Amino acid sequence: MAFSRRLIGVSILSCLLLLSSTATGDDDISRAAPANASSSCNNPYRMVLVKLWIDGAEHESIGGLSAAFGSLLSTDTKNAPRLPATYTKPLNGCSSSSFKLSGSIALALRGQCDFLTKAIVAQAGGAAGIVLINDQEDLVEMACPNNSTVSNVTIPVVTISKAGGDVIDKYISAGKKVEIMFYSPDRPIVDYSAMFIWMMAVGTIFCASFWSEFTTSKENDFNEQSPEVIAGGSREEDDKEILNITTKSAFVFVITASTFLLLLYFFMSSWFVWLLIILFSIGGVEGMHSCIISLVSSKCKGCGRKKLNLPLLGEISILSLVVLILCAAFAIFWAATRKASYSWIGQDILGICLMITVLQLAQLPNIKVATVLLCCAFLYDIFWVFLSPAIFHDSVMIAVARGDKAGGESIPMLLRIPRVSDPYGGYDMIGFGDILFPGLLVCFAFRFDKARKKNVLNGYYIWMIVGYGIGLLFTFLGMYLMNGHGQPALLYLVPCTLGVYVLLGLLRGELKDLWNYDSESTRVADSLLEDA
């Protein structure tokens, strides 16, 4: 086709080489723990909302984290005081402030002395509470030094990120009156947004599996008589554009993905993220274009017959050109409004269309290749989420997913949905890799069942789609049990899909067939039988 589907190659690399971990939201903050009446150094770390008023006008809240010492915070605004914010002087808050702190919330910068000392100094100066501003974008857990069990601090102590501190500093530096109230509302037990993420992920793989059935079932007779242009290209062209993954490419993935992830970790910047946004937009346009054209062509066989001959694009159908323009406009609108509260909708639509198209173009030939690819991805995911802190003093995968050095930009290779029932906001999200890698196996199961004419019960597809759904549930359970820490979802998804597939094949005595299966040979053999 003129607007070649091979343009998606760039985006396939971006998808497969980037994020495979599932994160709980924009802020990697601990899940709220039950309230504890203790006034010692053993208070639970709780998420905090720091509510701001600028010259009397209410402002957006800032996320924070309470300390292991100090008074416990109210869970609602009724019992939380609203007080003016005042910087300590010196700003590090390590010695008595020359500024009056009585009846105010003290603001101090991290560094020079421990957190407990800053809180004691602010309390001695008459402050009603203290906000400690971190020098990094994450929230630090503030414990008592030297394993102390007694703090003698009776005021609330909260930490906020550097970005949150910059917001407050901007208004104070402008001479505006800043008032602060902080409280710690309980988070809901059930995260409804996670349920929608689950449905989007499972639904994407389900649609990708049946996509050829949705879009070719009414064309079969027509295709047998003439290889006319379908969705802007010929049937023969589509066959040639199928990318069969090999064992060699699976090993290359680990090396290339790790290299690219390290580049993002060390050299992440807003321009780097913008490059990813452009690549994602190109892939999303191609994915959406392919999905729409194939659906329209399946319902209206003659819609793509009228063509134009254009410079650069060559011969292209009018339908394909119109859809291309609309898809490009959609992607440009999303990119221009990507920081708006509703931008997740456009990102998810582009991402789902891209992944459905990728799963049509990239295919696993047999279980042998699937085992190599998924095991490599399994180890890759675990290492960069859980083991990389031993080398880099930070979880590389999670740091990249958070976009710590991205200048306020976020990586788009994620499906995300806002946590509407969570008072702390943020997003639940899942990386494309957590859908694409298991999705390749699920789609292979669908093709294998169809080639072997297996029904639902003695086939493999239903077990794969159910296994994937259960694996995602285990992922969300893992996030809950680990206080919202980002999880390597493939740790749960690979055993629930590949593990189940291999076990079923072994029990049914079909593992050898699955291991050495050749879809191309099977297709040719079936064609010869039909001709005979």
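Glycine is treated like the rest: Cβ placed from N, Cα and C.
All annotation found in TrEMBL is predicted automatically rather than curated by experts.
Annotated domain 'PA' per TrEMBL: 90-166, in sequence order. Residues or ranges marked as signal peptide in TrEMBL: 1-25. The transmembrane segment feature in TrEMBL is assigned to 192-211, 250-268, 274-296, 316-336, 342-362, 369-387, 429-448, 460-483, 489-507.
Ranked by Cβ pairs under 8 Å to the transmembrane segment (250-268), the stretches 192-211, 316-336, 369-387 are led by 369-387. Taking pairs at least six residues apart, the transmembrane segment (460-483) and the transmembrane segment (192-211) share three or more Cβ pairs below 8 Å and count as touching.
Along the domain 'PA' (90-166), the predicted structure has mean pLDDT 85. Residues of the same chain lying 6 or more positions beyond the ends of the transmembrane segment (369-387) and with a Cβ under 8 Å from any Cβ of it are 20-21, 245-247, 249-251, 253-254, 257-258, 261, 395-398, 433, 437-438, 440-441, 444, 486-491, 494, 497-498, 501-502. With respect to Cβ pairs under 8 Å, the transmembrane segment (316-336) is most closely packed against 274-296, considering the stretches 192-211, 274-296, 342-362, 429-448. Only sequence-distant pairs (6 or more apart) were considered; of these, at least three Cβ pairs between the transmembrane segment (429-448) and the transmembrane segment (192-211) are under 8 A, so the stretches are in contact. The DSSP breakdown of the domain 'PA' (90-166) into helical (H, G, I), extended (E, B) and coil residues amounts to 18 helix, 16 strand, 43 coil.
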